[in-house]
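Data first, discussion second: the structure below is written as structure tokens.
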Amino acid sequence: NRLHDKESSGNLFPQLSQGCVFQPRISTFYTCYKTHRKASQHSVTTISMVFRKLPGVSASGMGLRLSQKFVFLLFLSGLVTLCFGALFFLPDSVRLKRIFLSKTESQPPSITNEAKADEKVVGGEALEDLTMSRSKTESSSKDEKVTSSSNQRANTDTSFDYNKFKKCLLKPPLGIEHGKSSHPQTLHRRDKVKEMMKFAWDNYKSFAWGKNELRPLTKNGHIGNMFGGLRGASIVDSLDTLYIMGLIDEYNDAKEWVETSLDLNSNGEASLFEVNIRYVGGLLSAYYLTGEEMFKRKVLELGEKLLPAFNTPTGIPRGVINLGSGTSWSWGWASAGSSILAEFGTLHLEFVHLSELSNNPIYTEKVMNIRRLLNKIEKPHGLYPNFLSPVSGNWVQHHVSIGGLGDSFYEYLIKSYLMSDKTDEEAKNMYYSALEAIEANLVQKSPGGLTYMAEWRGGILDHKMGHLACFSGGMVGIGADDGAPEKRQHFLDLAAEITHTCHESYTTKLGPEAFRFDGGAEATATRLSDRYYILRPEVIESYMYMWRLTHDPKYREWGWEAVEALEQHCRVEAGFSGIRDVYAQTVSHDNMQQSFFLSETLKYLYLLFSDDDLLPLEDWVFNTEAHPLPVIRKSCLHGEGGTHDKTTSE
């Protein structure tokens, strides 16, 4: 009876073959089935033989004398055969996902990234997609249970005692006199950086208010596709910079926009990494510096929207997430649907603070799960490759870089240890083990005596160092005190050598995106495609850290060289713009004032020309977007009293 009920049968046996409308009778189904025998010629032949040998069954009245149960089973087996036969003829894994994956797991069209376009896709993508489809239901169910369990364990009282937090700081965040130097020249230079920030901000406000970034040549705003419908990236990225510099009117404008106009209910495709370091990091920093509860509410709401990205078989998050639906997928350019080390490895600082503010351990559990997996799997020569499958939990290819794709993973290991008040021994051990492997395999000395970090591709060195890798001078420096005592000076020397190399790449006082050490080149971009500068902060970041660690005046001089170059080459009528070729005699601007220029480049310059008590490193750790996050002193926060009883200076 159900075979003759077309609607009911349609529900039991969904159409799997394109163009074949489900037929309620065996005879008509058989005819339709044969028209689609391309999916599995062998299956058609087999079922044809079965039909012919059935006693009492003619071509015109096939199935009339069969019992309903037998017809049902025969029909079901035919559909199953057709389904599995068709799998071998599907042209790509995307069609496979459309059949087996629910909407929340299916992968939309791939997102390209010009900077990563040269990454090669390795084999096994279709097999990985099939594994993902088969395990999706089980994985999602498991993750939902974990989330639910964690939420139940969380204390319903999510209040965070901000006054107690302030007492746990060793020093006032803004110093005794806002970090003002007693040296007239240094104070003058700091004031110049402050003027640059106000100039960049005022033009953003005039021409791009509410947009993500300013296009200073055309005097309009840019939205882009990194933030999934979120707006105001430059505003959120600038909150702490404005506050630290004492630009209070500008800070208040930014705060008002966040409160009234930052809409987190977007339905776009966002980079998990970028939203985390810019928006989550920016809002966390603004809250910890000011105590404004609105920032805390916003960041906890946003943090919750990032959790679905972790719904994978391994718990390794995918790189792209729709903040509205919770759908997540991997970057289209990433090898075999892999997740990127520098992206899933750059969540720890922010997520630990989300747990601290929400009193919900789920955020910490997510990032600790990532660490457990990384500790479990084998690492080639002790190195961490850049591509990891979120399905199998295995490395996809052996490309290692301290620059793009890998950089901030290592940064967050040592900073996780420092942010834990030096109690996170696991992070410490992972960092120093990784640094040992980096020194053994990647650190090189050029013929001219420059120390650099090469890239590693399956055992073959590529003698290239990216601008992004220039953060490593500062990273090695801040970790020098906590390694083996006999290696302290060695680490400081290595940090100084790397920073010197990056300074040497600034031959025109601004440096290229990448520079090489082969073919006679010494810290020079030999390819036209590597010669651009987009207002990046990494070299200046290392200047700031090395100044704090050594007080060698050359770092301030190098920083001032960068200020003068930014003024000469990047300042235009309505803001600051990146340039297309740092070696060209005639400057060509790229018409983009990046939000990280306001968050990182200018903040690091301002701190370089300030006294050390402005955001002292004993109390604050900077995330990879230069948003300061406080050291978590759990014994103080969750105990009685505090270590610093003075009120913070405004």
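Placement of Cβ uses the backbone N, Cα and C atoms for every residue, glycine included.
The transmembrane segment annotation in TrEMBL covers 70-90. Per TrEMBL, the feature region 'Disordered' maps to 128-155. Residues annotated as compositional bias 'Basic and acidic residues' in TrEMBL: 135-146. Per TrEMBL, the feature active site, proton donor maps to E274, E513. Annotation comment: TrEMBL describes D407, E538 as active site. For C470-C502, the entry in TrEMBL reads disulfide bond. Marked as Ca(2+) binding site by TrEMBL: T624.
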Under a criterion of Cβ-Cβ distance under 8 Å and sequence separation of at least 6, what residues of the same chain contact E274 (active site, proton donor)? M226, F227
Which residues does E538 (active site) neighbour through Cβ under 8 Å, counting only same-chain ones at least six apart? H467, L468, A469, C470, F471, C502
Find, for the listed disulfide-bonded residues C470, C502, the residue with the lowest Cβ contact count at a 10 Å cut-off, counting only other Cβ atoms. C502
Residues that sit under 8 angstroms from the residue listed as 'Ca(2+) binding site' by C-beta distance, when 6+ apart in the chain: I277, T346, D407, S408, E411, Y412, F471
CB within-chain contacts under 8 A for E513 (active site, proton donor), separation at least 6: G466, H467, A525, D530, R531, Y532, Y533, I534, R536
What count of other C-beta atoms do you get within 10 angstroms of the C-beta of D407 (active site), across all chains shown? 25
